[in-house]
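Look at Swiss-Prot and you will find CYS91 tagged as active site, proton acceptor. Look at Swiss-Prot and you will find GLY92, HIS93, ASP250, GLY255, THR256 tagged as substrate binding site, backed by similarity to another entry.
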Amino acid sequence: MKVSKIYTTIDAHVAGEPLRIITGGVPEIKGETQLERRAYCMEHLDYLREILMYEPRGHHGMYGCIITPPASAHADFGVLFMHNEGWSTMCGHGIIAVITVGIETGMFEVTGEKQKFIIDSPAGEVIAYATYSGSEVESVSFENVPSFVYKKDVPIKIDSYEFQVDIAFGGAFYAVVDSKEFGLKVDFKDLSAIQMWGGKIKHYIESKMEVKHPLEEGLKGIYGVIFSDDPKEKDATLRNVTIFADGQVDRSPCGTGTSARIATLFAKDALQKGEIFVHECITDGKFEGEVLSVTAVHTYEAVVPKVTGNAFITGFHQFVVDPRDDLNRGFLLG
């Protein structure tokens, strides 16, 4: 066997949504800010994303992360996230998993019963809190970037279907739609149809309008489509599944999507400040969310959302690349 590259990772999941944290084999990432570092990765390190996200080492639903030095003077560290299509601007389930893995493996030093972390992401500063007992993390909460409704009640016409979506930002831009518009339930049996509609809705919106953050040009485009449904469990508020990137299914309630959903509910007076919002996902996992404070992003009313969940480590891996392998960059099915 010939080996040209070796990568080490720690894998975890949050309500079934994977996160592969790359702990070894990453070259220097250049850039002063996390957005600049993201742009550098997109241009120079996309081979690394393909190797570790694609089959045979990953799969269509894999998600990844690189922990970087902080970009700002007061942050503890930075994060860069990746998926089947490229490099994302923020990832809520990723924050929950990174903090859990960091504490439970001794990567992060902690004191007391609750630890605060300041994290630089391409979307902005995120503050996370871990509640733990010894080396076991019980839950992680994060205060996300200011989240807001970009456009309400956007009319959509696809084939014979006419409906409306809300476009909201929660670290990335999402279109929010009721699954009942298509006669679908957020369940495994309807997932293929939901994926199909997710792709169509994303393509339609991006063909009709430019969606761009008012303060940061690097934050633009529809990242995902959130399909909302009635919950299965009595303690949940809503059920959802998010289709993002290239038809990728978020198994978790989606942290940035939950933040966007909190913003839409608050804007429609369906969620009050301090009220607990329980977001259920397709695997029946749950995130808790709430509005911590009200703020503004340029001319948009915004909220600072808090999202809480937990994660579990699934493995410690060492991946190699053999230069003789015609599939050493990987491939993607799905």
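A Cβ is built for glycine as well, from the same backbone N, Cα and C atoms used for every other residue.
Following the DSSP three-state reduction, the secondary structure of HIS93 (substrate binding site) is helix. One way to see the shell of the substrate site is to take the Cβ centroid of GLY92, HIS93, ASP250, GLY255, THR256; the remaining same-chain residues with a Cβ within 8 Å of it are VAL14, GLU17, CYS91, GLY94, ILE95, GLY171, THR242, SER252, PRO253, CYS254, GLY257, THR258, SER259, PHE287, VAL307.
For HIS93 (substrate binding site), the count of additional Cβ atoms within 10 Å of its Cβ stands at 33 [all protein chains shown]. Taken residue by residue with DSSP, GLY255 (substrate binding site) is part of a helix. Counting Cβ atoms from all protein chains shown, GLY255 (substrate binding site) has 32 others lying within 10 Å of its own Cβ. Long-range Cβ neighbours of THR256 (substrate binding site) (same chain, at least 6 residues apart, Cβ-Cβ under 8 Å): MET90, CYS91, GLY92, ALA123, ASN144, GLY170, GLY171, ALA172, TYR174, TYR223.
Residue environment of GLY92 (substrate binding site) contains 31 other Cβ atoms, counted within 10 Å of its Cβ in all protein chains. Under a cutoff of 8 A between CB atoms, and with a sequence separation of 6+ in the same chain, the neighbours of ASP250 (substrate binding site) are GLU17, HIS93, GLY224, VAL241, THR242, ILE243, PHE244, GLY257, CYS281.
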